[in-house]
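Chemist: What follows is a single structure, and I will ask about it in a moment.
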Amino acid sequence: MINPNFSKLVFGRAIGNAGDSIYMIAMNWFILKLTDSALWIGIMNAAIVLPGILLFLFGSTIDKHSKRRLLVAVEFSQLVVVVLLIVALLAHVKLAGVYVILVFIAALFGSLAYPIQDALVPLIVKKDELVQAQEYMSIAYKGTDYVFNALSGFLIGLLSVLGILIADAVTFVVTVLTFNRIKVHEPHHQPAETSEPYFQQVLVGFKIISKNRLLGLLTFSSAVLNFFFGGLNTYVVLFGRHFGGSIYYGILESMSAVGTLVGMTLLYRSLKRLSVRVAYLIGNLGCTIFMFLTVVTFNQFWAFAVVYLGSFIFLGLTQVYETPMIQASVAADQLGKVMTSFYTLVSITLPLGSIAFAYLADRFDLRLFLFLFGVFDAVVFLLFALSRSFRRVDDLQL
């Protein structure tokens, strides 16, 4: 690991994400048992996703205050909400809206942890260690998500929803204690008085992204990619049905998880000697080729599954580089605003893609979706390959 303070950040994030993964799924299951309503499950999932769209409102706060203290505060706040959920369960509260509101609040604090961490990382690692740091953070984010999402059904059956929430409270206690032990030098300054209206302050991150061509390109590609992933969340279920049932759906979900982790670790490490620009372009080109190959192999499951795995391996490679490029391009005192604005723009398109492609699902062949996804990947590859601002990305010395 890069240094002891960064090790604490990664360990705390991994433990916190494990708790997040389990209790979000547990609460969905609980709401289904409580209401026997698909509508309430949709409302609960909206409560989980919606906070990501609101993050830009908090960018200025992140930049003005200690990132370490804010990180401890949001994790402690999640702990408080989980305790309230436990109390509600013990009190046999039957109002679904109470649980939805509490989960929304918990999800808001959980979402805030990501931009706070992204703003904190450049303060505890060197600039040329940002990409390596992102590799470890990606494993902490996604690795624990994938593992505990897979185990959640078994754990709910073993421990019950109440048991899951109690275990989750313990994970947040560990996370708070771990983050509180991080030692970092943060410039001490009083928030400057400004006559700017609050609404204009929260728009600063969007303005920085719009004026910086590299940031604009990264945001555009990530936002549209999330639009397609919103569709993929629906279509992968249909792919499973096309091939014969839920077991095939489960295999494809596993392929995407394993592929992303392999790309973030093994493929990234094998290409570390290459420049950031070349490695990132290889990732985009690989995504393009393998996504088009999914169209060709659509009628042969195992060939399709292997190609599907390959597309996520190259996707994982690109994800290692994206956050460090933003971190290295933005001044430390503006990073909170930029990261929250970036997450907001990227979060909006995911539910939009889910709705749009769900509506279109019965109107065109499943292979057309894969083809369109491949076309988008090809466009992204060309945009980055031809971008003048991206040609200078190696000047960032990542």
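Placement of Cβ uses the backbone N, Cα and C atoms for every residue, glycine included.
A TrEMBL annotation is a machine prediction, not a hand-curated record.
Owing to the predicted nature of the structure, the values given are computational and were not obtained by experimental measurement.
Under the heading transmembrane segment, TrEMBL lists 14-32, 39-58, 70-91, 98-116, 154-179, 214-235, 247-267, 274-295, 301-321, 342-360, 366-386.
For each feature listed, report its degree of burial, its nearest neighbours and the pertinent distances within the displayed model.
Modeler: Beyond the ends of the transmembrane segment (70-91), by six or more residues, the same chain brings 12, 16, 19, 23, 27, 30, 61-62, 98-99, 102-103, 105-106, 109-110, 112-113, 116-117, 120, 161-162, 165-166, 168-169, 172-173, 175-176, 179-180, 182 to within a C-beta distance below 8 angstroms of the stretch.
Residues 13, 16, 20, 24, 27, 30-31, 34, 40, 43-44, 47-52, 54-55, 58-59, 62, 67, 70-71, 74-75, 77-78, 81-82, 84-85, 88, 336, 339-340, 343 of the same chain sit 6 or more residues outside the transmembrane segment (98-116) yet have a Cβ under 8 Å from a Cβ within it.
Same-chain neighbours of the transmembrane segment (154-179): 8-9, 11-13, 15-16, 18-19, 22-23, 25-27, 29-30, 68, 71-72, 75-76, 78-79, 82-83, 85-86, 89-90, 148, counting only residues six or more beyond its ends whose CB sits under 8 Å from a CB of the stretch.
Only residues 6 or more beyond the boundaries of the transmembrane segment (247-267), in the same chain, are considered here, and those with a CB under 8 A from a CB of the stretch are 135, 138-139, 142-143, 146, 150, 236-237, 239-241, 283, 301, 305, 308-320.
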Chemist: Can at least 3 Cβ pairs under 8 A be found between the transmembrane segment (366-386) and the transmembrane segment (274-295), with each pair 6 or more apart in sequence?
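Modeler: Stretch pair touches.
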Chemist: Take the C-beta pairs under 8 A between the transmembrane segment (214-235) and each of 39-58, 274-295, 342-360. Which stretch has the highest count?
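Modeler: The stretch with the most contacts is 342-360.
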